[in-house]
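Working notes for the structure below.
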Amino acid sequence: MAAAEPERPAGAATARRLARGCWSAFWDYETPKVIVVKNRRLGVVYRAVQLLILLYFVWYVFIVQKSYQDRETGPESSVITKVKGITASEHKVWDVEEYVKPPEGGSVFSIITRIEVTPSQTLGACPESDRVADATCDSDEDCAAGHLDMLGNGVRTGRCVPYYRGASKTCEVSGWCPVEDGASVSQFLGKMAPNFTVLIKNSIHYPKFQFSKGNIETRADGYLKRCTFDEVSHLYCPIFKLGFIVERAGENFTELARTGGVIGVIINWDCDLDLSASNCNPKYSFRRLDPKHVPASSGYNFRFAKYYKINGSTTRTLIKAYGIRIDVIVHGQAGKFSLIPTVINLATALTSIGVGSFLCDWILLTFMNKNKVYSHKKFDKMVDASEWGAGPGPCASEPPQDSRLADPRGLARL
């Protein structure tokens, strides 16, 4: 009679079950459980949310924002300007060399339209301007010798002298005399200024895409000598009349020429480099940049002087110039298809569609009449392993089937 085989220890069998459970957990694929809820209103909400998210990504993200493109903002840019025209004041004819400051032709320049001239100033002693604070006086005691007012025109000598006009008196100063307010003469240069022409030559470069372009049409037939800018017919003729620039900025030319102001010429280069280079065109806009309605700082003016010798004595003509300052501002962005932003935005779109499920789950678990039934079906409550003797550890075998909670009525009535 054959000998009976020895029984294997119960602990070895348990260890084998745990090992199989661990390997099974490592290699098995897990997928979420899908529950179909037969509720028409909830289904409409779910599909509507999905549709809105899909429309947002398709229309706004991909079509409007072109988020499938790699982008570069702020092109490298160069600006060269040139002004042409002559005008006349009450006393003389002015050409470009006199009314354009600075003359180098950069992106910021001023066109003088009105001047206040103080001629023949020499170093000496004369009455201070009555516009300077505490400059008026009744006697010498009111004027402290050696006092220097940073907003004045010189160092006080200690004398109280009659002003240039009227019966008032001001403190005498040592400096360039006569002071500006005492003998200035105003001249208006803006009569013919609206017909001045301004050439704005602009070239841009996007280094990331190695793309360059300029705003002047390459023609050798003297095209620039006979054209002026037009958005439709002469887009690549960047020659603007000064009156056109001021008008497009929404300003009155006569008023602006008398008080001065700053006008911005904005050139925008937004280029879709997935298309041909001919579709990358400059767009011009114009607006006033300085605070027009602030009395303390409205307008634009600056001073400069012309020096010369008379009988061996240094003399100068002081000019306070009011003018229209032009600031040429270039900006833009270029985009071209790239796989990386396309994949990122597609993944974001697919992930965002799941917001519909989250919203509908929240409605089911919070507001529906039978939310407890749905909760029982959606969430399985697991019994602790020690309570049913499967042994400790994360690799325990499956609990008995009867440990799962039953559905009281089913989801068919949701």
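Cβ atoms are placed via backbone N, Cα and C, with glycine included.
As recorded in TrEMBL:
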- 44-62: transmembrane segment (TRANSMEM)
- Lys82, Val83, Lys84, Thr197, Asn301, Phe302, Arg303, Lys320: ATP binding site (BINDING)
- Cys126-Cys177: disulfide bond (DISULFID)
- Cys137-Cys160: disulfide bond (DISULFID)
- Cys143-Cys171: disulfide bond (DISULFID)
- Asn195: N-linked glycosylation site (CARBOHYD)
- Cys227-Cys237: disulfide bond (DISULFID)
- Cys271-Cys280: disulfide bond (DISULFID)
- 346-368: transmembrane segment (TRANSMEM)
- 390-414: region 'Disordered' (REGION)
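Closest by Cα distance to the residue listed as 'N-linked glycosylation site', from the recorded positions Lys82, Cys160, Cys171, Cys280, Phe302, is Lys82. With Lys82 (ATP binding site) as the anchor, the candidate disulfide-bonded residues are Cys126, Cys143, Cys160, Cys171, Cys237, and the one with the nearest CA is Cys237. When Cβ atoms from all protein chains are considered, those within 10 Å of Cys237 (disulfide bond) total 19, not counting its own. Checked against Lys320 (ATP binding site), the disulfide-bonded residues Cys137, Cys177, Cys227, Cys237 differ in C-alpha distance, with Cys177 being the nearest. For Cys160 (disulfide bond), the recorded positions whose C-alpha atoms fall inside a 10 Å radius of its own C-alpha are Cys143, Cys171, out of Cys143, Cys171, Thr197, Cys227.
Of all the binding-site residues in the list Val83, Lys84, Asn301, Phe302, Arg303, the shortest Cα-Cα distance to Cys271 (disulfide bond) is found for Val83. Taking Cα separation as the measure, Cys177 (disulfide bond) is nearest to Arg303 of the binding-site residues Thr197, Asn301, Phe302, Arg303.
The highest number of surrounding Cβ atoms within 10 Å, among the disulfide-bonded residues Cys143, Cys160, Cys227, Cys280, is found at Cys143.
When the disulfide-bonded residues Cys126, Cys143, Cys171, Cys227, Cys280 are ranked by how far their Cα is from the Cα of Phe302 (ATP binding site), Cys126 comes first.
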